[in-house]
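**Q** The region 'Disordered' annotation in TrEMBL covers 13-39. As annotated by TrEMBL, domain 'Reticulon' applies to 64-250. Positions annotated as transmembrane segment by TrEMBL: 97-118, 169-196.
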Amino acid sequence: MAEHREESLLEKITEKFHGGDSSSVMDSDDDKSSRGPSAGGKAKIYRLFGREKPVHKVLGGGKPADVFLWRNKKVSASTLGAVTAIWVFFELMEYHLITLVCHSLILSVAIIFLWSNATTFVSKSRPHVPEVSISEDLAVNTVLSLRYVINRGLVALRGIASGRDPKKFLAVAAALWVLSIIANCCSFLMLFYIAFVALCTVPVLYERYEDRVDAFAEKAEAEFKKHYVVIHVKYLSKIPMGPLKDTKFQ
């Protein structure tokens, strides 16, 4: 009897442990199945410059983004044509801005003057010339917005120059160097026109071939990181890094 009781007690203990193990295994399996791909998360798709929003949102949304992405082809074509006409007028025909403003004002004032005096001979009312003025709120808001942008740029430049992020420093230095070479070869108006044409072509082409461009950019970034690690180990890691306090601005 004693042996039988011992055997039954051992069987209960083993069943308890095996049952607990199996239940724990089943619970863990259930947890994994309930989590599914949402717990582990889907493989993050690489996007150019690490963006997480659509191209339309990156460009600010609204009508300017619609123009750059050719949502309305007539409006986009008209805008590009108008900018091209201005570029041809000033760059190729070498017409100066001050000269254009003066001639436009002379023509406008002369037309209104002749129209106002001609009404006395044809017995018609004088034309109504609207009053044009800049409101104080608009001027103050424009200056405050410009001040905020300038302060952000100065803080960013200070952070880059502090030496805390060598990668960002190299990227900014390379970009400014390329921009200086381009600016040395063409005028400001030409540079503005090139930038505008790029805004009207590059985003829409990128949106159309987004997957191919992102795949190529991912490979290029991987190669860049390999070379950067070598440069960082040999040279940049030996540069002393100074502390920089965070600057608050409004």
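A Cβ is built for glycine as well, from the same backbone N, Cα and C atoms used for every other residue.
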**Q** Which residues of the chain, 6 or more past the ends of the transmembrane segment (169-196), have a CB below 8 A from one of its CBs?
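**A** Sequence-distant neighbours of the transmembrane segment (169-196): 80, 83-84, 87, 90-91, 160-161, 163, 228.
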**Q** Summarise the model's confidence over the domain 'Reticulon' (64-250) as a mean pLDDT value.
**A** 84
